[in-house]
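Remarks on the structure that follows.
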Amino acid sequence: MPFLDSLTAISLLLFVTVLTVHASVHNYAGVKFARKGNAYVVHGGSEGIYYSHPNLNGSDASSNGDAYIKFEEIIFRRPQEASNFSTGMIYAILFEVDDRETIGGSAYGGQRAICCTADLAKLGACKEGEVIHRLSTSNPGWPEIFGVSFDVNDETSTMQPRSVQITRTGMYNLYFMHCEPRLADMVVEGKTIWKNPNGYLPGRMAPLLNFYGFMSLAFLVLGIFWFSQYARFWKEVLHLQNCITLVITLGMLEMALWYFDYAEFNESGVRPTGITIWAVTFGTIKRTISRLIILTVSMGYGVVRPTLGGLTSKVVMLGGTFFLASEVLELVEHVGAVSDFSGKAILFLSLPVAVLDAFFVLWIFTSLSSTLNKLQAKRMMAKLDIYRKFTNALAVAVIVSVGWICYELYFKSTDIYNEQWQNAWIIPAFWHVLSFSLLCVICALWAPSQNSMRYAYSDDGSEEFDKDDTLTLIKPSPVPISAKDVGDVRSEDDVDLEEDKTE
């Protein structure tokens, strides 16, 4: 299909353009330094790391059970034409987020600078041309700062391998920096390995491993209930219930794939790209189908009308657009992501998804209002009752969603430096719990039963909304019927039959 071909091409393009990082092994494949203020910087990674007890046996910091950051094969490479001079230090600066003020400084309260300026050098605070840094007063021995320099005619300079043991829980940041304008075209190669005491998952992601395990179990329980009902009353199953079965199946696959993705990530230190892409795709398909099902049910499709008529193409277009926007966002956010850090690209890509979600909500409630009014006018009380419960569940879900979005915006706006990283996993987890809760409500309302067919559309002319709504379906009072009134004598049985049809 052209749509799927386009999606595949976009997905591959995004995957190739993302910085080559795998799990907690941060690879630097010729990353160029970018100018930030008066310094040149490469962001080496940001991860939450939990406290590791000091190694009493004195063994290597990289031993199992310890938390550490290991530097391996870090090489700085400059162009040949820029190799005719020796340089100052090229730094690797590793610091906990609470110690961020120990990097950089300002003279006389002016603009903050990373590299030492002439004014600061006059004050004796630093040496001009070097990165400004000082030791933390609350975290002895930090930040960790080390580096290398270039001799004349050297095109490469290699940093000695080392492991830095982490003995304090925090959000750790690594930056490579230098202050030499003549090294503007220099690149860094190599890798760093970041490890928590219980595995390679970054600290903010670590709680999600257990969460996805719990959600997999929850979907399994829901699936057992639903499929048992489905098997018992398979002759009474509606098309809507087939769609719900598909959503439950996709949810089970999505949660299982996320669990295996995080488990492999935590065990090996390399994020399994294939599993991540499949988990993202199954999740996006599930969310798209769920929204389309809710929208079409709100319109009365399969329950009070046989088709969507001219709205079919618009519904399909909205669903396809939402799938594409959501898939791109999820791929960028998850595939190859290692650092506990979200960039501006995520915020930019979130906007179209948010707009499409708002459009879904508006269309759903507009359709529900129309459907409820017509059901009430037609006196279809059984269907009206289930639609009212359905509407109440959706309204509660939307109100809770809006409240949580406000909290999420507050959380992110007040946590600029990711200081609350230990609680950040709750934000994505909440949306999974909310969607699962709504799915449970829908399953309870539309569960297969021996009376399922009473909620289905029946082609007897009594449920056509497009016909004259003034036709009454109220049972007539029994009155004497004469031949004169109807032009012919009808039997009592005929009158009873007409009343039955009216009912």
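Note that Cβ sites are derived from N, Cα and C of the backbone, with glycine treated the same way.
Note: TrEMBL annotation is automatic and uncurated.
Features as listed in TrEMBL:
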COMPBIAS  493-503  compositional bias 'Acidic residues'
DOMAIN    207-452  domain 'GOST seven transmembrane'
REGION    476-503  region 'Disordered'
SIGNAL    1-23  signal peptide
TRANSMEM  209-228  transmembrane segment
TRANSMEM  240-260  transmembrane segment
TRANSMEM  345-365  transmembrane segment
TRANSMEM  386-405  transmembrane segment
TRANSMEM  425-447  transmembrane segment
Range from 209-228, 345-365, 386-405, 425-447 with most C-beta pairs under 8 A to the transmembrane segment (240-260): 209-228
Contact call for the transmembrane segment (345-365) against the transmembrane segment (209-228), three or more Cβ pairs under 8 Å: no
Outside the transmembrane segment (209-228), six or more residues from its ends: residues with CB under 8 Å to it: 201, 244-245, 248-249, 251-252, 255-256, 258-259, 262-263, 266, 425, 429, 432-433, 436, 439-440, 443, 447
